[in-house]
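**Student:** This is the structure I have questions about; it appears just below.
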């Protein structure tokens with residue numbers, strides 16, 4: 001804590017002296033000031049080609065390395081939401097349905113009471129087709145899209161502020177704890193910020209070639225299929241940008257109208273799902289596409305406007321926003337490390353400096369005679385950054401008790417602002433810039449040491465590593481019946497136990513549905529030789545061991561949490577422990 005305070009104090013001092021030098025040497029002539037700043041933002045032209053390309057590829061190589069090292073193994077285990085996305089993806093790959101048999105759904109049934117976005121599962125399909133269902137194929141889409149997000153971020157900042165600033169921002173993003181951690185596991189909502197920044201990149205280039213504007217609408221449309229919060233953010237963001245570009249004549253009305261049509265056409269199915277469920281209309285089938293009604297949905301309660309106590313919820317939301325984004329207080333261990341936060345705990349001074357610089361840019365437009373494509377990109381790009389920041393803060397206000405996942409749209413823009421602040425120190429106070437980069441670099445290596453060391457050993461307990469290992473071991477045993485504990489995540493969490501079983505046993509969707517027990521659609525257990533024609537509901541039984549009669553004579557395998565071992569007589573059963581879970585087999589049947 002003291003060390004973090006010292007680092008934050010150093011960064012505050014850096015920002016203070018940067019501002020002091022900035023205003024001490026502020027040119028009186030504003031036109032000269034503009035030319036000076038413009039020369040700085042194009043300072044990359046003074047670099048030789050080898051230097052600027054070497055810096056870019058070094059940062060990208062670092063980003064790829066830290067995100068792919070021991071990929072699939074770290075984090076160990078597998079999160080239940082990622083497992084569900086993967087199970088539905090396997091069903092889509094095999095039959096074009098989700099695990100319940102719904103053909104090409106626009107939104108997943110998921111847990112029933114809370115649905116899930118479909119984009120991640122559809123992106124998993126080709127990998128599962130090629131290499132089967134496993135931890136790597138399920139996590140690859142987020143990794144790839146995260147890296148695409150980094151490239152889009154670099155391109156966006158380069159177009160807006162120049163290559164020097166872009167390299168600084170890319171460096172901060174490459175070593176950013178939030179970006180690294182979310183890229184290494186499978187969670188549907190983690191696609192949202194990447195498609196959003198990709199959309200921003202093409203949107204900013206729309207004034208150069210109009211097809212970029214139209215491509216941006218594809219990215220923003222895909223946002224709608226990546227996270228439900230997109231419905232409260234993306235349309236408002238596009239509306240604000242549309243008004244700005246019309247007023248400034250950046251885009252013609254015709255171009256904006258075409259963009260609206262593209263966005264509306266591509267996002268229409270998911271909007272229909274929202275309308276269907278809001279008005280409680282029946283499910284719609286359009287050819288093979290399903291736009292379902294979910295009678296048990298309760299997620300609308302997460303939105304401020306549907307809260308039973310508006311003002312109390314608003315206060316709670318504000319506190320959550322402050323703690324999560326500004327103060328970087330501890331979140332779930334799979335989202336951030338307490339010692340490092342989402343972008344290192346000492347970054348706030350640079351974020352504030354970058355915000356101030358950007359606001360000054362927006363309220364001090366360039367002279368008309370200086371208008372050019374570069375200046376249009378600077379103005380539009382600056383508005384996009386501020387718009388992204390505002391829409392992120394809006395998310396924190398209207399969504400109940402946001403955590404890092406729920407407000408993930410804001411983090412690219414926080415990185416951008418920190419990068420802009422750090423760029424100002426590069427411009428006006430280079431010794432402090434060098435010291436700051438050194439501190440970031442050291443913090444990054446310390447983060448990696450903890451993430452790939454201590455954290456990697458601890459996170460398995462949260463991602464059901466032990467249960468996964470027990471289930472995988474159980475899949476090698478040919479038995480007519482599996483008893484799986486319902487007390488996996490918490491007491492009575494039958495849905496979690498079942499989805500993890502479906503994932504680790506690679507159970508066929510039609511077998512799960514009870515439609516087909518034939519050899520072609522049997523469960524995908526490679527080492528078993530019989531029992532394939534036993535229906536799923538008879539072979540897989542989800543139980544509370546404390547409330548069942550345990551028969552040592554029954555030919556069955558049990559996967560329970562370790563606290564439930566006490567319900568089994570050691571004279572009749574053998575036990576294999578796996579990090580909080582236990583595989584139990586009858587000794588009589590010699591099943592090991």
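The backbone N, Cα and C atoms fix where each Cβ goes, and this holds for glycine too.
Below are the features listed in TrEMBL for this protein:
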- 119-258: domain 'Glycosyltransferase RgtA/B/C/D-like' (DOMAIN)
- 6-25: transmembrane segment (TRANSMEM)
- 54-72: transmembrane segment (TRANSMEM)
- 110-128: transmembrane segment (TRANSMEM)
- 140-157: transmembrane segment (TRANSMEM)
- 185-204: transmembrane segment (TRANSMEM)
- 211-244: transmembrane segment (TRANSMEM)
- 256-279: transmembrane segment (TRANSMEM)
- 344-360: transmembrane segment (TRANSMEM)
- 380-402: transmembrane segment (TRANSMEM)
- 409-426: transmembrane segment (TRANSMEM)
- 432-452: transmembrane segment (TRANSMEM)
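Tell me about the setting of these features in this model.
**Tutor:** Within the chain carrying the transmembrane segment (110-128), a Cβ under 8 angstroms from the stretch's Cβ atoms is held by residues 81, 84-86, 88-90, 92-93, 98, 137-138, 140-142, 145, 186-189, 191, 222, 225-228, 294, 296-299, 495, all 6 or more beyond its ends.
Beyond its flanks by at least six residues, the transmembrane segment (140-157) meets 56, 60, 63-64, 67-68, 71, 120, 123-124, 127, 165-167, 169-170, 173-174, 179, 182-187, 190-191, 193-195, 197-198, 200-201, 204, 381, 384, 412, 415-416, 419 of its own chain at Cβ-Cβ distances under 8 Å.
Within its own chain, the transmembrane segment (380-402) has Cβ neighbours under 8 Å at 156-157, 159-161, 196, 200, 203-204, 207, 229, 232-233, 236-237, 240-241, 244-245, 248, 250, 301-305, 307, 313-314, 316-318, 320-321, 324-325, 355, 358-359, 361-362, 409-414, 416-417, counting only residues six or more beyond its boundaries.
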**Student:** Restricting attention to the domain 'Glycosyltransferase RgtA/B/C/D-like' (119-258), give the mean pLDDT.
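**Tutor:** Over the domain 'Glycosyltransferase RgtA/B/C/D-like' (119-258), the predicted model scores a mean pLDDT of 96.
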**Student:** Under the DSSP assignment, what numbers of helix, strand and coil residues are found in the domain 'Glycosyltransferase RgtA/B/C/D-like' (119-258)?
**Tutor:** 113 helix, 0 strand, 27 coil
**Student:** Which of 211-244, 256-279, 344-360 has the most Cβ pairs closer than 8 Å to the transmembrane segment (185-204)?
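**Tutor:** Looking only at 211-244, 256-279, 344-360, the most contacts with the transmembrane segment (185-204) come from 211-244.
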